[in-house]
Amino acid sequence: MSSGKQRAEDYEIEEEDDQEQFITEDDVLQEVEIDGDEPMDEDEEAEAGDTLGDMGEGSSGVVDDISVQHFETHTASVFAVAGHPTQPLAASGGEDDLGYIWDITDGEIIVKLTGHTDSVTCVGWSADGQMIATGGMDGRIRIWRRVGTENYNTWEFLTELSGPDEVMFLRWHPKGNVLLAGSNDSTVWLWQLPSGNTMQVFAGHTGPVNCGEFTPDGKRIVTADQDGTLIFWDPRSSAPVFKLGADDARFNLDGITSVGVNPSSTLAVVGGAAGGVRVVSLSKGEVVATLGGHTEGESIEAIVFVDLTGAGTSGPGVAVTGATDGKALIWDLSTMRLRATLKHEDAITTLLAHPSPKGHLLISGSADKTLRTWDARNGQLLRKNTGHRAPILGASLGLDGSVVISAGDDGLCMVFTTEEEEHINIDVLHDSSLTTYDLEMLEYLSLLVYVVFAACKYMSQSRELDHVPTIGYSDPLLGCLTAIRYIFDAKGLVDEGIQTAHSNSQYPRMVHCNKRDAMYQREAKSLDASSGITELLQFDHTLGLIQRGDKRHQTVLQTTFTRNIRERFDEIQSEVARACEDVVHFGTEWVAVGAWNVALDIVTKVTARYYVGKNAEFIEIMQSTGPEIFKGAILRYLPPPLRPIITDVHGLRQRLEALIGPIIEDRLAQVTAHGQDWAGKPNDLISWLIDGCISAGQTASVADMASRMAFLEFASLFTVVSSATYALYDLAFCSSNVVEELRAEIQDILAGGEWSKDLLGKMVKLDSFLQESQRLHSLHIVASARTALDEDFTFSDGFYLPKGATLSINTWNRHLDTEVYGPHPEGFDAFRFVNRTNLNCESWSTSPDPHYLSFGIGRAACPGRFFASTAIKLMVAEVVMRYDIQPTTRKYPASTYFEAAVMTNHTATVMLRRRAGKE
């Protein structure tokens with residue numbers, strides 16, 4: 001559809017001094033004052049001319065327009081713009097009381113959004129891009145919907161939502177068709193679309209509600225008003241979860257102008273009208289930090305979160321605050337320290353964070369008429385976009401972040417590419433701490449130095465594995481290339497060793513031999529299971545030396561931890577059910593959810609409940625610990641002096657100590673006063689670990705307990721989450737008949753009874769489904785590593801491993817063995833372990849055998865496997881019974897590999913829909 005417009009450059013304007021004038025001074029009959037303004041004299045005219053000249057850059061007054069497209073149809077200031085989630089479209093709204101949907105590739109109008117009688121201040125697309133909402137100062141919210149499925153060129157008016165006075169903000173739910181709006185009359189509204197039904201009207205604010213957000217997980221809402229009140233809501237209730245205002249001395253802000261929630265939905269960053277910034281714990285409902293740095297009296301206009309490391313939703317995150325002082329401040333919320341200060345020449349009006357995988361890119365819009373792209377890791381200015389002749393009032397990303405669309409006070413929308421230019425020197429202020437960029441450069445340099453050092457050391461040592469056939473380069477220096485290949489292609493190395501009947505060790509020379517059974521029949525002191533993981537993840541630099549050689553926590557896992565699963569089964573099941581209830585909140589429509597996020601949320605809550613009871617801070621620490629401990633794999637490539645500075649596990653351990661310290665001290669006092677089995681003693685992990693210390697004749701300390709609990713959090717959480725995520729992917733991609741069979745089995749077994757551990761054990765089809773999922777999605781290419789500790793290890797046939805060598809089992813290929821799993825072992829057969837008598841379904845968690853190694857084998861098999869299998873089975877059973885599930889794409893989500901580790905796709909989504917009768 002053509003917009004029927006012509007641009008200024010399409011006209012040729014001639015200005016010749018000798019042409020006849022249409023009007024001269026002699027033709028003026030009378031000068032008239034308008035609105036009390038007197039005509040300008042000569043000096044005032046000159047002054048006005050100077051002002052107009054300042055609108056451009058340089059003495060010529062010409063702005064360097066580097067945009068790739070314009071939209072010029074608005075006749076006054078453009079207040080809001082939004083890029084479509086998937087299509088080359090944008091929506092904009094302005095002071096001319098109109099909104100438009102337009103094509104960002106050619107600037108042509110798709111549809112004119114009419115019906116407002118005052119300025120359109122808000123526009124927003126639904127999560128699926130099928131609806132657009134406009135909100136105005138007239139209090140109207142109007143919804144348009146896409147017509148048909150062939151293209152996005154036809155839209156129809158759907159409904160007008162009534163209720164608010166003047167619309168201050170609009171936000172769509174991140175996963176569903178639910179719309180949130182704040183009003184000038186201090187109310188907050190929630191509607192279900194496309195029906196337009198009002199779901200909630202939230203009351204509790206005392207001033208205009210000018211900002212609000214859904215938490216990224218979609219479960220809660222944060223709103224704030226101009227009087228300085230912040231309220232945290234559960235969408236299912238009209239009563240606040242908590243409320244902060246001027247009566248809280250730590251929170252007190254002179255009006256709130258912006259709010260943001262971190263990706264893990266645990267913290268809110270709140271910006272004030274006078275330059276103050278508060279960080280609020282959403283689990284505690286209290287201020288945890290006050291951030292300075294902005295000029296007093298300058299309002300915080302925008303808050304976003306950037307992803308510097310690709311860690312995604314885990315951890316507190318990195319926040320950016322932008323203010324009218326022209327500064328954007330980058331904050332590390334794990335330490336509450338300022339990382340960098342970015343500068344504009346005038347007020348910052350908008351901030352945008354680039355989506356993954358370029359989550360480190362930050363875009364800022366300003367009243368200085370520029371849009372700038374920064375590398376938030378180091379504060380480097382990458383691109384400066386110009387073209388507007390007036391302040392930029394808003395901006396949005398489009399086409400998966402490849403373009404940024406701006407809205408200006410000059411009535412223009414402009415489209416700019418986000419491709420990086422050459423680095424631009426800029427005055428960037430850093431604090432004294434190392435940035436992520438600094439650490440990455442340090443890692444690369446250290447890796448190079450260390451590789452050379454290791455090679456020289458290797459050449460000086462005896463070749464103790466020369467009696468073993470190996471693959472890769474045998475030359476000491478060229479062997480570094482094999483080591484590097486192992487980092488990125490361990491599977492290829494293992495396959496090469498299998499195919500050539502040669503060998504491979506963990507790093508990078510791996511022995512290939514048929515000695516598995518003998519390997520696990522020897523004493524644990526000869527072949528040690530803990531040294532390999534301790535070295536792999538550098539526990540000495542993360543969890544502390546206390547973990548090496550001290551296995552009290554492992555004993556606890558094998559005894560009281562496992563025995564209590566039956567006694568506390570009802571708690572486990574009820575927590576799984578409660579967590580699953582929150583996966584999809586609204587209605588019975590299909591909703592895309594992140595499979596990893598769903599599994600992480602459910603498994604974390606269940607594990608935390610089993611460990612210490614319901615505790616939101618403990619859950620947050622658990623979710624942050626895993627990624628930090630995984631950094632230990634990178635520490636191995638650094639020289640030892642540099643290893644302690646990379647991870648923040650010590651900081652997390654200190655938080656854990658502060659949380660559990662008073663509990664431990666109280667329980668130790670109870671033991672001293674009343675004995676080990678004192679009345680009212682809680683049946684949880686803290687008590688079990690204290691009992692383990694007492695049984696071992698050792699003294700329990702807070703630091704020791706925190707270290708062990710951090711290890712157990714890591715060991716029990718992320719492997720279970722990964723397996724649960726794969727199970728959700730497999731549910732989505734398998735035949736609907738499989739889901740129906742699982743559902744029928746669960747219904748039949750539970751008929752007339754409550755959940756119990758015994759009934760769960762009878763669900764053999766569910767067990768087979770999960771066993772097959774884990775068979776095809778091993779979390780390690782090689783596993784069950786054992787290290788020869790104090791002396792050479794010699795097998796009965798004379799083959800020996802020198803001291804320090806590591807032996808591993810080829811889990812990946814074993815699970816694809818055609819002799820065991822038939823001619824097509826790579827295919828997913830949900831009921832393989834039910835239908836084939838030569839495979840033991842029950843061995844999945846109870847007694848791992850040589851054919852199935854997901855939980856290891858022998859005495860050192862995973863001691864937490866019983867709890868893990870219980871939690872995963874309950875989660876999948878709840879999902880199957882509550883929801884229909886299908887994939888969002890036709891391609892199974894790809895995993896990534898680092899050394900021998902297989903990492904689950906953390907970003908892929910599946911479609912869930914509440915089943916009828918399960919609302």
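Cβ from N, Cα, C; glycine included.
TrEMBL entries are annotated by machine, without manual review.
On a predicted model such as this, the values are computed, not experimentally measured, just so you know.
Per TrEMBL, the features are:
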- Cys862: heme binding site (BINDING)
- 1-10: compositional bias 'Basic and acidic residues' (COMPBIAS)
- 11-48: compositional bias 'Acidic residues' (COMPBIAS)
- 1-57: region 'Disordered' (REGION)
- 71-112: repeat 'WD' (REPEAT)
- 113-144: repeat 'WD' (REPEAT)
- 165-201: repeat 'WD' (REPEAT)
- 202-243: repeat 'WD' (REPEAT)
- 341-384: repeat 'WD' (REPEAT)
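Counting residues per DSSP class in helix, strand and coil order gives 0 helix, 17 strand, 25 coil for the repeat 'WD' (202-243). Residue counts for the repeat 'WD' (341-384) under DSSP, helix first, then strand, then coil, are 0 helix, 25 strand, 19 coil. Model confidence over the repeat 'WD' (202-243) stands at 95, taken as the mean pLDDT rounded to a whole number. Taken through DSSP, the repeat 'WD' (165-201) splits into 0 helix, 22 strand, 15 coil.
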